[in-house]
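First comes the structure, then the notes that go with it.
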Amino acid sequence: MDQYPDENEEFELQYQDELELLEDLPDEFNAYDGPSTSKQAAEKQKENRAPVAALRDSTRLGNSTLGSPQLSQITFGASQLGGEEEAEGTSSGGQVNRRLFGTPKGPPVGRGCSTPFQRMPAIQELENTQLTSRSYGLEKENAAANQLQEVGLKNVNKRRLERDLFGDIDDLFHESYEDPMVKKARTEEQRDHEAIERILELRRKMRESSKTLRKDDVSRLKALHDFKMRNLSYEIPNWPFLAIQRSDLERIYVRFHSEDYEQRQLDLISARGEVVGSLLGEAKDKIWQEAGEIVLSRATAAEDADVTLVNSNANSEPGRLWVDKYKPRKYIDLLSDEMTNRSLLYWLKMWDKVVFGKAFHSKREQEAVTGEGGTAGGAANQLNSFNKRTGKFESNGGWRQRKSRQALNTNVDALGRPMQKVALLCGPPGLGKTTLAHTIARHAGYNVREINASDDRSPEAFKLALENGTQMSSVLNEDKRPNCIVLDEIDGAPRQSIDYLVKFISDAVYTKVKAKGAKAEHNVLKRPIICICNDVYDPALRPLRQVAFVVTFPPIDAARLAERLVKIAFKEQLKTDFGSLIALAEKSGNDVRSCISSMQFFNAQKHSLTLQDVLNNNLGQKDRHQGLFAVWDAIFRIQRPRKTLHTDANKVDEPAQVTMTNTSVTTRVRNVLEVVHSSGDYERLTQGVYENYLQQKMPDPNFTGVCEALKWFCFTDTVQHQISRQQNYSVYPYLQYGFVAWHLLFATLAWPKIAFPTRGFEFQQKSTNQRNIFQALCKGVTTSALGVGQGGTLLLDTVPLLKRILSPQLRSVAVQLLSPKEQQDLRHTIEVMVDLGLTFVQVKSQEGHYVFQTEPDLDALSAFPGYTGLSLPYFSRQLIAREVDLERIRRAAPKGGAPSAPAAKKKTSGAAAQLPNHLQTLKPKPISASNMHSAPKQQLTKDFFGRITHKSTSTNSAEESKTDAIVKSPIWYRYKEGFNNAVRKDVHIHELL
Amino acid sequence: MALWVDKYRPRELSKLDFHKDQAENLRNLCKQSDFPHLMFYGPSGAGKKTRIMCLLREMYGSGVERLRSETMTFTTPSNRKVEVMTVSSNYHLEVNPSDAGMYDRTVVIDLIKQVAQTHQIEISGQREFKVIVISEGDELTKDAQHALRRTMEKYVATCRIIISVNSTSRIIPAIRSRCLGIRVAAPNETEIVSILQNTCKREGLALPVELAKRVVDKSERNLRRALLMLEAAKVAKAPFTANQEIPDLDWQVFLRETASQIISEQTPAKLEKIRERLYELLTQGVPPNLIFRGLVEQLVNNCDMSIKAKTLEFATEYEHRMQSGAKHIFHLEAFVAQFMNIYKKFLSELDMTDDF
């Protein structure tokens, strides 16, 4: 009855040992470094083990348990008496028991220590004495049987402890692989390429984790097994041995080793952990077991996911937006370009050294670690601290940093960070840039902290948020994930904030040292920062663009977006087809947000989404600005894909009897209106159409189309004039319909040849130059030459003929040698030029020659191609220029006579000053003078009174004589009718005195 | 005083060569102590400006002839400075508002205010008002003409306006009714021939009658143009001969060639070349209405009677539209294309008629 539980225990031991053997065989084979004879012995052992695995296993276990007590008994028996031998044997067993049961975590450590300790004295004593006797064997067999039972019980206890430890490790192991498993499944469903890559990545991760686990927990078992295989054999080996016979009469050969071999064994034990770690990941059995567990966990995860999906559908269906509901939450779900996704993920992984303490380049880093000679204990400490506490996590990071510094990777700096500290995602809105940043950061193990840079506009708030994000972590964060900062809409941030960000990235050490004064701590950037913007070429982003890792978003593939929309429609039970969704994607410019919102809109109306609905609705139309050439292409070219789509529309609209031609024209009109509306510069667009429409190949024999087009140009000009002069913007929309008319008249299927319109601009420039020259000419005309007219009359009538008037035929000789006629002509020319303010000025032409041209330039005015201007030769111009200057000096000479004119004025003023005095004294006379003036008129009218005429003349002469008398002498006599006794004379006062 | 148009210009009403009855009427008008706003209208080169100057001399004496040039600066409501050249004496001021372009409204209002706000200091022996002469009045914009209405009435006590226009059709009726219209017709052939002969006599030259008549025909009875042409011919060849070449205006020759090219070929490529030539004319300052008239005259002379009416109809239509637009090249090219259209149809119908 006692033997029955023993058999059960042996069965369990058999099962576990089989697994261990299967796992350990390739490792042993690879790692065995002994001589050739040892290898042959190992091979023989394998061959012997293959046919009778079960029996050999059980017998081996029994031998192993018997071996150690036998060795100990032999040694004691040889040295001392039989009775004392028995007593000592029991005491040694008691010690072993106490050690094993003394501490709960002690058993593996104790066992690891006890085995080599016991082996060493046994080997030495055996070498000294080689006595063997059957009688001693029999007594010892009895004692061995008792000890065997005790050892078996102890072994059972140890195995249970290992199970507990291993079970926990397995749980941790499986939890870490949940996400990649889900993603792996989806990749297999979607694309082979991604699936292969992800499988490889998962395998690498599994190897790493399996290696780390193996080092920690299974190394002891493996070491023990290796020891047994090298030192025990069932057949006669080549090395020196001691033959021992068990109770079932089977012989066991125990190996003898020299002292040198003992030293080598000690060295191997010290290096064994690394070897084990490096080889464990490639064990097939382990991988198979893990695969099975993965499948089981995936099934359970799928069930949980289904349950959660059902719950979420039931709960959040009424009021949740599809844009949030179907947002990508895992790396597999991202719609953007895979290269873009991988490049950003690679950049984030480059931060793993600094943030997580992981090796970015796994193979090189691991070799470096092994090369450094780290002990298994050190590795265990490292892993333990990673699993348990966060405090030692940083210290491990520092340790890794030292290693990576020695590696000197060109893509990272001395601290292990990537050279580009910031990633800058740029692209048009609606492509999923923010979603990509969040998903990849979460996938890489970060806690995403988003800062909308356009909301926190002040530099102080920006600085505070940036420092808090990089140097703090959330207390409520149960996952203990480090922060990754996402600066959304960075192009809306003020320039000061971006400047601070650039300093924060590059000069963090300097600023911190300055800020903290004497402190030696350097607060370097240890967290990645992702910036998102729409326009990467914004002036404010220039300093950031130079130091950042710029990721440009290409447009999303319409087919890929349509596939995603099909899935969403299927889940939400919206009836639609793939073609309609492709049209929706193309219409919105592959804008994910716009497409999903449009689908939700149609679902709310409880209609099925058809191609006609997509084409007819204005949903998804964003304010997109197109270039000038794109608009001109749309005007001069008929787009073929539109026809194809309308063919489908035609089929759909068969009940409505919509014909092909009408649909086509309608679509063309709508397309042109949309394209023209997207770019608002109608005047420039009109100029471009005007300068290019005559070069289009059009079958128009009678100019009917050209006339129609030009009528529309006149209409556009009238409306444009109305807008600019009257500010009547209510007529602004009518400008678009001119483009529709030009499209219908001149569009073809061929590719149009369009040149940028420059003639209008050149025309305006030339007109401005002509106007300026003409104004200069008008200002130069003196007041004595007003007969030439003003304004347009001067330009049209005078200037063309003036060129001929100023072109006399002169011989190239000196002035004095000219004929009288030539001199007269020369004089005339000079006077005309001075009157009009013209002269000849010597300038250098473009060819380098010196020429005389009029100032202002008459040759430029009214200069038509094929018509000559002034026809004077060089010498004549030079001569006339000199003479014109002389004439100007001569005309300015009267101004030199100015000093005489003031003198004359003074004299005249003096005379005027004197005259009033006389006039004042003669005041009564003017009245009589006026009377005399009237009198002669009367006389003249009356011809019969000749005497009156004489009287008037006599009075005039009398006045003159009186004035003379008054001027000459002080005495004057005035005759009055009546008394004559008054005589007046001037008397001086001094005569009276 | 070198060009003949200035050298032999009459300075007094009594010395005018033609329209002597009108001169007598103007002299009688000056004898009154007051006279209304005046509008001299007639074709270019008929002597409107000469008569205005003679009238001013009759009113104010020889001091009117002491002229000085001045650049006046005006500020528009949008704080933009506009410079305008003016010629003035102590008694009058002469201005061409079309130099200011679209800002002529500001020029007209501010100028009249500046002149009218200063009363005459010494009234004895002189008029109580000053005179403002507006040249090229038909170039005024509608806004400027409307602004002139109230200004003319408000400052009538101290300021009188004399407007010189080529055609009264472009003057608004309100301005026409406030002015006394004085028509200055172009001189006839006999009068111009006698004027030319007198000028040559003073210059010591012998002018054949045949040459004088040819000059009159080429100048289109424009006296200024005739005198300038004669002077240019004299420079080219001193002793006048009856059959010598008379120099022509470049833009007229260019326009004539353009019309002949339109007749010769009607293709899109040719239309593009015509556009270049029209751009050239507009660049050199030829007014678009003159281009229209020149083209119409040449095209009508060179095409069949049946399409003359259509040509004139389209020309009037497009010219009218051009007044309400800003890009004149559109309307000019539209007219050219339309003429090409009807001419091509005419030619094709002609071919069909020949076949029948």
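Think of each number as a place in line: the chain as shown, counted from 1.
Any Cβ shown, glycine's included, is placed from N, Cα and C.
What Swiss-Prot records for A:26-72 (among others) is region 'Disordered'.
What Swiss-Prot records for A:60-72 is compositional bias 'Polar residues'.
Annotated ATP binding site per Swiss-Prot: A:G427, A:P428, A:P429, A:G430, A:L431, A:G432, A:K433, A:T434, in sequence order. In the shown protein chains, 19 other C-beta atoms lie within 10 A of the C-beta of A:T434 (ATP binding site). For the recorded site, A:T434 (ATP binding site), the DSSP three-state label reads helix.
The region 'Disordered' annotation in Swiss-Prot covers A:892-913 (among others).
Among the features that Swiss-Prot reports, compositional bias 'Low complexity' is placed at A:894-913.
Cβ neighbours within 10 Å of A:P429 (ATP binding site), excluding its own Cβ and spanning all shown chains: 14. Remark: A:K433 (ATP binding site) has A:S336, A:L425, A:C426, A:G427, A:I532, A:F553 as non-local neighbours, by Cβ distance under 8 Å and separation of at least 6 in sequence. The local packing around A:P428 (ATP binding site), expressed as other Cβ atoms within 10 Å of its Cβ over all shown chains, amounts to 15. The Cβ neighbour count for A:G427 (ATP binding site), using a 10 Å radius over every protein chain in view, is 22.
Close to the recorded ATP site, the chain also has A:N534, A:F553, A:V592: residues not among A:G427, A:P428, A:P429, A:G430, A:L431, A:G432, A:K433, A:T434 whose Cβ is within 8 Å of the site's Cβ mean position.
Every protein chain considered, the tally of other Cβ atoms within 10 Å of the Cβ of A:L431 (ATP binding site) stands at 25. When the binding-site residues A:G430, A:G432 are scored by other C-beta atoms within 10 Å, A:G432 scores highest.
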